[in-house]
Amino acid sequence: MSILDGLNEEQRMAAETLDGPVLILAGAGSGKTRTITYRVAHMIKEKNISPYDILAVTFTNKAAKEMRERVESLVGEDSGKIQISTFHAFGVKLLRIYGKHVGYDSNFNIYDSDDQKRVIKSILKKLNMDNDGLKPSAILSKISKLKEEGIFPLEYEKMAIDYYSKKILSIYIEYQKALKENNAFDFSDILVYTNELLNNKEILEKLQNRYKYIMVDEYQDTNKTQYNIITKIAAKNKNLCVVGDEDQSIYGFRGADIRNILNFEKDYKDATVIKLEKNYRSTNIILSTANALIKNNETSRGKNLWTDREGGELISVYEAETAGEEAYHVSNEIKKIVDVVGGYKNIAILYRTNAQSRLFEESFIKAKIPYKIFGGVQFYQRKEIKDIISYLNVVNNTADNFSIRRIINVPSRGIGEKTIKRLEEYREDMNVPLFYAIKNVDNISTITPKARIALKKLYSIFEDLINLSKEETVTDLIDTLLERTKILDTFKLNNEDERVKNIYELRNGIQELEKENGYIGLGDYLENIALSANTDNMDESDDYVKLMTVHNSKGLEFPVIFMVGAEEELFPSLRENTEEELEEERRLCYVAVTRAKDRLYITYSRTRATFGNSSFMRVPSRFIGEMPEKNLNNEKVYMNSNGYKNDSTKVASELNAKIEKNKKKKKKFKGDYAVGDYVIHKKFGEGKVKGIDINRVDIYFPGHGDKKFPTKIASKFLSKS
Ligand SMILES: Nc1ncnc2c1ncn2[C@@H]1O[C@H](COP(=O)(O)OP(=O)(O)OP(=O)(O)O)[C@@H](O)[C@H]1O
Ligand SMILES: [Mg+2]
């Protein structure tokens, strides 16, 4: 009996080939993740390889947790010694140890997008650009993209020749400086600096000697920095096993580079390449549908995935009149099938954008269907929770000015704008963190006695918390924090019960965590929160319907999938219309379809409110038309015996005709704009018309995002390009 008995021949071969580079390139549901999980167990249990020698990188915390549990069930508690984590968690671990080499203290904080926005805003102010019409979120996504592609300020300087890029460059430089000054990393920087660490020969050698066997799941979605990190550490032993599926690369928009997996054989000439062709997940109906769909991608190399699960339920396609009716239909179907499919827990709703969740939520509440949404605004993003976390951030890292600024007057303690301005001036003059300016408030003569007392009180709270944090649990820390700041009293006074409840929930969560894991240091706790992701708390056994974006469903599987909102301009969502982007959307659809084990439902609506209240006529997604007709069971009103495709074309052309008619009608009073036209705006520069509504023109301006103008007055702002 071997652990590897649980694998088929090809999988087994991949799990047994331990020396040298191995590439497992295979389609969805073929057991890639299972293979590396078993491979790890086999190494430890049957090959006597020390668990400390192994580095396994997964795409999400959830995947890491699952892999660890799986390995544990196969080998026992040795699994705890293996480094199984996401790239980010691995990076943080290294930076805690070696951060000094890249200019960081080990107690660094991790900034989320809200923190990042605050940093950007303060820089815009500092550079006198806050009236330039630049959107912090647009700047941030540009900077992150540059980082993910490995382009740092020095390199960007050479590329930044136009007006807009030059502005971005100056913000980028200041931004990096600010993060370092506050001893904080943003998400991308965790990887960027981890990679930089590895330029230190001594450190690199240490890591190369330690991690003799490396495995990476979902390799098709690694970016350049992640690629570099792995390549460097693996360079000595070259025992690198990567698994992935080029047809599931869905993070190109965020800098993932599909070439990393496609060039593996070039990078490692002696690589063993293994293809897995048997799909264990889905019925033949679902699998053949996915195969047919992905064939439409030029870049797809074609797959011979097969399954012995012959036949299966046809894919149900449903056309709703409105988006609300779509949600209603889904609730109805769920009620019909829930008992047959083994409960709500076996059902997932996948959509293209988080915004679509609202209607489903409403309809599930009405229908009394238990559900949980993964993604959207997260618990830790709530104001009151962020406030508490900001206090803890300061306790953990007193250089963190942004966290201090956030809570300096929360709850209100009489510290006003003027006082803050004087503290900031002192901070700048003396070149110290804000924390020390507060400590030395007696030296700032311009601060009023009243404000001075308040600041001293705040400082003493911090002093006590910092002392406590060295020996007490995080729960104790929170209790003292609540008691000393009286933050709950303010909420209670204002009848903000929800906030009070949330803070208690936070506290209970910490207590649970401590019960499970014993003592947890403050730094570890904060890291845990910062790296937590949407799908972390998904428990397969809890009996509720799970709702999430297709992106978040990556690597997961469910007996029943509802793929909703299958409409042109939503899925595929065509932002800029390039062929490459369309192919990424198709890969996303392939991911959605292949999450389903037994049943797949596809729904779309003929109308959907997009801009504010107005309803837009919709066209069914081209992806439906690319699926084999014989696999689809149309519940469409327009269906007849000729099969789906004909109808799809008919419906589409009918809708298109309507849209054209509407467009023409609108053209009269909207000043002659048509979708696809280029226009010029004084402030935002050149933009492209994306959509026209009865009363709005929707225009995309590179660098500024989407802007909407009332049609009646649009011509005042815009001229034709
Ligand atoms: N040899 C096997 N015997 C039994 N079940 C298997 C085997 N290989 C895979 N499976 C099962 O098939 C399903 C899909 O496997 P897995 O999630 O590892 O596939 P994957 O290739 O990683 O999929 P994805 O591309 O979606 O990440 C799982 O439920 C897994 O347990
Ligand atoms: Mg997988």
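Start at 1 and count along the chain as shown; that gives each residue its number.
Cβ coordinates are placed from backbone N, Cα and C, and glycine is handled just like the others.
Around the Cβ of Lys32 (ATP binding site), the number of neighbouring Cβ atoms within 10 Å comes to 26. The ATP binding site annotation in TrEMBL covers Ala26, Gly27, Ala28, Gly29, Ser30, Gly31, Lys32, Thr33.
The feature domain 'UvrD-like helicase ATP-binding' is assigned by TrEMBL to 5-283.
Per TrEMBL, the feature domain 'UvrD-like helicase C-terminal' maps to 284-555.
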Task: Residues among the binding-site residues Ala26, Gly29, Lys32, Thr33 that border ligand 2 - Cβ under 6 angstroms, in sequence order - done: Lys32, Thr33
TODO: Any same-chain residues 6+ apart from Ser30 (ATP binding site) with CB under 8 Å of its CB? Would you list them in sequence order, or say none?
DONE: Leu276, Glu277, Lys278, Asn279, Tyr280, Leu305
Open item on the list: Using the CB centroid of Ala26, Gly27, Ala28, Gly29, Ser30, Gly31, Lys32, Thr33 as the ATP site centre, which other residues of the same chain sit with their CB within 8 A?
Closed with: Asp245, Leu276, Asn279, Tyr280, Arg281
Open item on the list: Which secondary structure state does DSSP assign to Ala26 (ATP binding site), in the simple three-class scheme?
Closed with: strand
TODO: Measuring CB to CB from Thr33 (ATP binding site), give everything in the same chain under 8 Å that is also at least six residues away in sequence.
DONE: Ala63, Met67, Asp217, Val243, Gly555
